[in-house]
């Protein structure tokens with residue numbers, strides 16, 4: 001087995017482990033949703049038992065008063081107590097199921113995080129071996145960009161999760177990363193070779209490396225905004241999203257919290273993308289003796305920058321928030337994806353480095 005073949009197999013291994021992580025995170029959300037529903041059922045049963053107990057006591061007092069008048073024995077109280085006891089035991093039984101669901105949830109979440117970490121390590125090994133096989137920095141074409149972009153998205157997710165619990169994003173991030181890797185293996189794969197002279201520069205490491213990092217950050221922010229829209233639609237009575245199958249949305253943070261998280265990540269991504277555009281202009285001057293030529297890649301990189309700049313400006317100074325801000329993020333990420341795929345596959349230019 002050659003080093004290039006090892007890299008290829010490691011990518012498939014990472015995709016397989018990510019699929020396991022996806023299932024674990026999905027189970028985590030389902031279990032947490034079930035646990036929360038069990039707690040709600042327990043609270044409802046407890047309230048019902050207290051109401052029945054109160055009703056039974058009232059009936060008992062009434063029966064006692066009646067028996068004092070006609071000399072009959074008191075029976076109403078015992079009947080009321082029996083009903084209350086049965087309902088109370090049902091509430092306790094439901095409540096006892098909630099901790100078990102919580103334990104299963106914690107186990108599934110742990111498996112999801114652990115397998116995501118393993119997949120990230122495998123993907124890093126695939127990237128390193130790809131670089132060794134090619135004898136250069138391994139992000140010079142669409143195949144390598146997809147690999148490294150998926151790696152950065154996973155690393156960002158794990159890094160954020162280390163600071164705050166964002167496991168609710170796990171199923172979405174791992175699912176998207178798996179899709180990227182499968183697409184890379186089946187549609188974008190090219191043999192590990194050298195690059196043309198224009199790319200033989202330290203700017204390949206800096207410019208493209210920062211662009212990939214920004215794309216990874218934008219990816220996680222995009223996922224967060226999608227989840228924000230789903231949760232907001234459910235909270236506002238969407239007929240589709242209020243079905244039982246979408247009950248897991250109730251265990252995610254409020255839309256305002258998701259929006260705030262997305263905003264912070266997009267702000268970081270925007271700074272990185274700004275450096276990407278500036279670094280690209282400097283490299284263009286070194287390679288082609290001009291800073292800017294409105295090449296398709298340059299144009300769409302600038303469009304991406306404008307969209308995210310408008311989003312940040314609208315949210316911070318114009319008060320754009322909620323769904324409008326989330327839609328802005330979706331448009332921005334769509335531009336990022338088109339800049340990566342459409343520009344490389346549909347247009348000819350100095351940045352035609354897809355390798356396909």
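Any Cβ shown, glycine's included, is placed from N, Cα and C.
Sequence annotations record features per position, and here TrEMBL assigns compositional bias 'Gly residues' to 73-89.
Positions annotated as domain 'Cytochrome c assembly protein' by TrEMBL: 139-349.
As annotated by TrEMBL, region 'Disordered' applies to 68-101.
Residues or ranges marked as transmembrane segment by TrEMBL: 12-30 (among others).
The transmembrane segment annotation in TrEMBL covers 111-133 (among others). Counting only same-chain residues 6+ beyond the ends of the transmembrane segment (111-133), those with a CB under 8 A from a CB of the stretch are 2-4, 6-8, 10-11, 13-15, 17-18, 20-21, 24-25, 28, 144, 147-148, 150-151, 154-155, 157-158, 161, 167, 170-171, 173-174, 177, 181, 192.
If you look up TrEMBL, you'll see 145-162 (among others) marked as transmembrane segment.
For the transmembrane segment (169-190), the residues of the chain that approach it from at least six positions outside its boundaries are 8, 11-12, 14-15, 18-19, 21-22, 24-26, 28-29, 109, 112-113, 116, 119, 123, 141-143, 146-147, 149-150, 153-154, 157, 161, 219-220, 223-224, 226-227, 354-356, judged by C-beta separation under 8 angstroms. Among the features that TrEMBL reports, transmembrane segment is placed at 169-190 (among others).
The transmembrane segment annotation in TrEMBL covers 202-230 (among others). If one looks beyond the transmembrane segment (202-230) by at least 6 residues along the same chain, the residues whose Cβ comes under 8 Å of a Cβ in the stretch are 136-137, 139-140, 145, 148-153, 155-157, 160, 168-169, 172-173, 176, 195, 241, 246, 249, 252, 255, 258-259, 261-262, 265-266, 268-270, 272-273, 275-276, 279-280, 282-283, 286, 308, 323, 325-327, 329-330, 332-333, 336, 340.
Taken from TrEMBL, the feature transmembrane segment applies to 267-284 (among others).
TrEMBL lists 299-314 (among others) with the feature transmembrane segment. Sequence-distant neighbours of the transmembrane segment (299-314) (same chain, 6+ residues past either end, Cβ-Cβ under 8 Å): 218, 263, 266-267, 269-270, 273-274, 276-277, 280, 320, 324-325, 328-329, 331-332, 335-336, 338-339, 342-343.
Long-range contacts of the transmembrane segment (326-347) within the same chain: residues 142, 145, 215, 218-219, 221-222, 225-226, 228-229, 232, 259, 262, 266, 296-297, 300-301, 303-304, 307-308, 310-311, 314-315, 320, 353-354, 356, each at least 6 residues beyond the stretch ends and with a Cβ under 8 Å from a Cβ of the stretch. If you look up TrEMBL, you'll see 326-347 (among others) marked as transmembrane segment.
Over the domain 'Cytochrome c assembly protein' (139-349) the predicted model carries a mean pLDDT of 92. If you look at the transmembrane segment (267-284), the same-chain residues 6 or more away from its ends with a CB under 8 A from one of its CBs are 201, 203, 206-207, 210-211, 213-215, 217-218, 221, 290-293, 298, 301-302, 304-305, 308-309, 312.
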